[in-house]
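One structure is given here, and the rest of the page talks about it.
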Amino acid sequence: MEIATMIGYALLSLFIFPGLAALSAISLFTEWFVRKSVARMQNRMGPAYVGPIGLLQPFADFFKLLLVKRYVEQRYSSPLLAVMGVAIGIGALTVTLLLFPISPLRLIASYDVIIFIYLTILWPFLSLIIISLAWPNPFVIAGVSRAIALAIVTEPTLVASILVPMNIIARKYSQLPPYSVYYTSIAVSRLWTGININMGSYIITLILLAISIIASIIAIQSKVMLKPFDIPEAEQELIAGFATEFSGPVYAFFRLFHDMEITVLVLAIVYIFLGGPAPFNHLSVEGILTLLAKYIVVLFIVSLIRGAFGRFRIDQAINKIIKYALIPSVIALIISFVI
């Protein structure tokens, strides 16, 4: 009976909630929110006609692409490779949700942040490269090379930022399993409220958390290639960069994968830095509303940055990530070892 129950929880968590079905729906809502927010910031309408206030427009776009021409054949193209890349990316992001407290079946272990880094940071990027190179093209290659250049500074920034609250919790609450996504999400609210922390250490902790949140948002903006870091797909320069040859169902699932990546990374900030539904629990109305509010606020900040900035040059982007995100996050991580 216990085995059957575990299998049931596993299937529920992977395919229904918070797995593939729920993640797909939330990701398409995320796309709508970003598009609508940026449009209003720029005095445009944004999605408006499909569903209430255009809420179903991303769903309509997804199913429309599923029904159009599949792909353009080339001598060196490999559509199967693109399908494999999309599957790897979506699968990795779906499994990542099992590390968060929101999942009925949770993967919990000391140092499970290593799994988180693989599933959320490494595999989606490799998936992007696999999908892109399935259709070799000079514009695609230029876009991928730019994406790799950004990743060299973006990925370490994101890792360092995430490790800051985990390291502080591991040092201050040694009774908890260290560097666990689940236990960090549960305990991080204590850092914000200052429970069992002296005043001097509390102020330093708040500063470190603020620095790491800012650095992580900059890194996420770069990782998902939203303005001002949409350099790998610069439309006016590279047509569509790494996405130049995408079409049909492959493009539909790539867009879904991209939306999922934004969703999971924003959820990571909400849980690892902000404690998810804290100070309430998941099963309360207050907890659900708090979790939703935190998610919307972080997503709005991402949308605000996208709407407020134009595209950087690749050298400008790398310099600004190093100056305003990588160096501060590394310094914050070093200080977190001594407070």
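A Cβ is built for glycine as well, from the same backbone N, Cα and C atoms used for every other residue.
Note: TrEMBL annotation is automatic and uncurated.
Tertiary neighbourhood of the transmembrane segment (7-29): same-chain residues 55, 58-59, 62, 90, 93-95, 97-98, 100, 102-105, 256, 259-260, 262-264, selected by CB-CB distance under 8 Å and a gap of 6+ residues from either end. According to TrEMBL, the feature transmembrane segment maps to 7-29 (among others).
Residues or ranges marked as transmembrane segment in TrEMBL: 49-68 (among others).
Annotation comment: TrEMBL describes 80-102 (among others) as transmembrane segment.
Taken from TrEMBL, the feature transmembrane segment covers 114-135 (among others).
The transmembrane segment feature in TrEMBL is assigned to 147-170 (among others). Within its own chain, the transmembrane segment (147-170) is flanked in space by residues 113, 116-117, 121-122, 125, 128-129, 132, 176, 178-180, 183-184, 187-188, 191, 205, 208-209, 211-213, 215-216, 218-220, 222-223, 225, 229, 231-232, 242, 268, 272-273, 314, 317-318, 321-322, 325-326, 329-330, 332-333, 336-337, 339, which lie at least six positions past its ends and keep a Cβ under 8 Å from the stretch.
Distant neighbours of the transmembrane segment (199-220): 154-155, 157-158, 160-162, 164-165, 168, 191-192, 262, 265-266, 268-269, 273, 298, 301-302, 305, 321, 324-326, 328-329, 331-333, 335-336, 339; these residues of the same chain sit at least 6 beyond its ends, with a Cβ under 8 Å from one of its Cβ atoms. Among the features that TrEMBL reports, transmembrane segment is placed at 199-220 (among others).
Within its own chain, the transmembrane segment (262-280) is flanked in space by residues 23, 26-27, 30-31, 34, 93, 96-97, 100-102, 116, 120, 162, 165-166, 181, 184-186, 188-189, 192-193, 209, 212-213, 216-217, 220, 223-224, 226, 286-288, 290-291, 294-295, 298-299, 302, which lie at least six positions past its ends and keep a Cβ under 8 Å from the stretch. Positions annotated as transmembrane segment by TrEMBL: 262-280 (among others).
Beyond the transmembrane segment (292-309), the same-chain residues lying 6 or more positions past its ends with a Cβ under 8 Å from any Cβ of the stretch are 30, 33-34, 37-38, 41-42, 217, 220-221, 226-228, 262, 266-267, 269-270, 274, 276. As annotated by TrEMBL, transmembrane segment applies to 292-309 (among others).
According to TrEMBL, the transmembrane segment annotation covers 321-338 (among others).
Note on the transmembrane segment (49-68): residues 28-29, 31-32, 35-36, 247-249, 251-252, 255-256, 259 of its chain, located 6 or more positions outside it, place their CB under 8 angstroms from a CB of the stretch.
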